[in-house]
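Take a look at the structure below.
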């Protein structure tokens, strides 16, 4: 349940910043998604390490998380771009593409963090 709450909070940070950067600031869509993903994942990592998994700081774990986030970064930005293109960048496509990209990355993150990363000492 803690992972879901943490993911929800990080998702709000990610989506909120994405919309502000893309729609309000006028940044290019992939750059907006990239920046919002980075801020959202840093938020998620800090909360997950301290609250969700209650893990002590670890250099090995930090490196593993950064590698995982690098992979999910590509998944997120790529899926978001693909979905927006397939849906012709309509206004309603923004949250749809975000949910698909975020949902896919969240599943990958949870499985790898639970099974591998937070078992590292």
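Cβ atoms are placed via backbone N, Cα and C, with glycine included.
Listed in Swiss-Prot:
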TOPO_DOM  48-61  topological domain 'Cytoplasmic'
TOPO_DOM  83-91  topological domain 'Periplasmic'
TOPO_DOM  113-121  topological domain 'Cytoplasmic'
TRANSMEM  3-23  transmembrane segment
TRANSMEM  27-47  transmembrane segment
TRANSMEM  62-82  transmembrane segment
TRANSMEM  92-112  transmembrane segment
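Residues belonging to the topological domain 'Periplasmic' (83-91) score a mean pLDDT of 96 in the model.
Long-range contacts of the transmembrane segment (92-112) within the same chain, counting only residues at least 6 positions beyond its ends with a Cβ under 8 Å from a Cβ of the stretch, are 3, 7, 11, 14-15, 18-19, 22-23, 33, 44, 68-69, 71-72, 75-80, 83-84. Secondary structure by DSSP for the topological domain 'Periplasmic' (83-91): 4 helix, 0 strand, 5 coil. Taking Cβ pairs closer than 8 Å, the topological domain 'Cytoplasmic' (48-61) reaches residues 2-3, 6, 113, 117-118, 120-121 in its own chain, all 6 or more past its ends.
Non-local neighbours of the topological domain 'Cytoplasmic' (113-121) in the same chain are 3, 48, 53, 55, 58, 60-61, 64-65, 68; each lies 6+ residues outside the stretch with a CB under 8 Å from one of its CB atoms.
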